[in-house]
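**Student:** Okay, so TrEMBL annotates it like this:
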| type | residues | note |
| --- | --- | --- |
| DOMAIN | 1-404 | domain 'Major facilitator superfamily (MFS) profile' |
| TRANSMEM | 36-58 | transmembrane segment |
| TRANSMEM | 64-83 | transmembrane segment |
| TRANSMEM | 104-127 | transmembrane segment |
| TRANSMEM | 133-151 | transmembrane segment |
| TRANSMEM | 163-188 | transmembrane segment |
| TRANSMEM | 236-255 | transmembrane segment |
| TRANSMEM | 261-283 | transmembrane segment |
| TRANSMEM | 304-327 | transmembrane segment |
| TRANSMEM | 382-399 | transmembrane segment |
| REGION | 410-457 | region 'Disordered' |
| COMPBIAS | 410-420 | compositional bias 'Basic and acidic residues' |
Amino acid sequence: MFRAFCGLFDGCIASLGMVVMSDIVPLKERGKYQGYLVSFVGVGLGAGPFLVSAFVQHSTWRNFYFMLFGLVLSSTVFIWYYVPSTKSPMSVTQKIKSIDYFGFILGCSGLVLLLVPTNGGGLQFAWNSPKVIAMFVVGGVLMVSFVFVEIKVAKLPVVPMRLFRSPVVTLVLIQSMLFGMAFFPLYFYYTYYFEIVRGLTPLITSCFYLAVVVPQISSSAISGYIVSYTNRYNPMIWLGFTLWTLALGLVAGIFDMNTSFVAIVFIMIINGTGQGMSFQNTMIAGLAHARKEDRSVFISTRQVFRYLGGSIGLAISALIFSTSFIYKLNNDSFINKTENFELNEVLRHHVYSKVDLNTLNATADQIEYVKHLYLRCCKNVFILWAPLIGTCLLMSFLIKDKGLDFKRDDSPHNEKKEDITTVSTQGSKSKTHKYDEMTKTLHHSTSSEDLDQISKH
């Protein structure tokens, strides 16, 4: 339950940070400031694994959560005093009543009922079991009901269907789901590769993650400047997805027991660079094509699709890994020998968790087998990711680059300009109206001779 609350509020924070920026920063400058925002997120992603490793090895995981509580509390105080708030014509009571509770419950319930059998089908449950069939059917019905509620019932829908009227916005949302499917499982299975297959410690594994995080920070900031300067976002999107696809293809192709760590770092740098360019500039493309009143909604909806993709990607990756894992345990001749019976049973209990080779009472041959087992299963998962990002690359060629249309931007600066223009126009119309009234009065109250005299003057 508490994990669910953490996920709920974490999703709110991730979306609201971008929404606040979209409210106060003009679209022309948004690429640059979006780069700043993603860069600081990247700093947190880079520091996080080191902190976790330090707490796990030298303290307890409970103390790590106590530290997070202090960070969140200090951030809350800072935001309360320094982040400007916008006034809404709706009261707090009206806002609470307008929340799409029904859609939220339907969407979450339907998604859970679809992901649970996807994750456990074939292992925890038989695919043709009544339980799996019932969850798929009920989950599908709930998701269809969710779409109906979003279209016909909800006042403030979780996923506004009007966003899909724009082909480009639709493409960006689909891309967000696809690269969420590839991004979120990545660190999970990288950990398996580095710590089990290559035998590295959690701290050293965190160092390798920097090869992804640092380029992601740099490429996000630099590409944001380039987009703001050139007024074009498509070149950065194309380059980002190309690099990301290339990196994931190399991960699936050459990661093995003896791959050079230099080559691994090089591939991870390419991976991080592609991620930074892709995350940053697909957001800008969607904002440029969304209507002014829908830009904040687009940001939150994009986050929904990204996390939805992450949930689906984790479930599918776990299904691929666990199915491969059990298949190998059932069919490999080595692990089914009598002397390896105990190891076989231990591994079956670690299908969904990481086995600790340091505490495993096994011979050198058995440990070597375990490493090869995890490598083969991880590579089956790695193969999934490159086609997903390759699909995003192909879809990006359908995005029309209309530049950063700051003339119709809804930033405060442009609102002032529009107000001045409106006042000026209204003033001109008022003067013209007064002149027409004077002319009509003269025509009604003056003789033709007098009018001739007036026209001469």
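FYI, residue positions are counted from 1 along the chain as it appears here.
A Cβ is built for glycine as well, from the same backbone N, Cα and C atoms used for every other residue.
Annotations in TrEMBL come from automatic prediction, not curation.
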**Student:** Do the transmembrane segment (261-283) and the transmembrane segment (64-83) share at least 3 Cβ pairs under 8 Å, sequence separation 6 or more?
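**Tutor:** These two stretches do not touch.
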**Student:** Which of 36-58, 163-188, 236-255 shares the most C-beta pairs under 8 angstroms with the transmembrane segment (64-83)?
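**Tutor:** Between the candidates 36-58, 163-188, 236-255, the best contact partner of the transmembrane segment (64-83) is 36-58.
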**Student:** Quick one: do the transmembrane segment (382-399) and the transmembrane segment (163-188) have at least 3 Cβ pairs under 8 Å, skipping pairs fewer than 6 apart in sequence?
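**Tutor:** Per Cβ check, the transmembrane segment (382-399) touches the transmembrane segment (163-188).
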**Student:** Determine which residues of the chain contact the transmembrane segment (133-151) at the Cβ level, with the cut-off under 8 Å and only residues 6 or more beyond its ends counted.
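**Tutor:** Cβ under 8 Å, 6 or more out: 100, 102-103, 106-107, 109-114, 116-117, 157-161.
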**Student:** Which value does the mean pLDDT take for the domain 'Major facilitator superfamily (MFS) profile' (1-404) in this predicted structure?
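**Tutor:** That region's mean pLDDT is 84.
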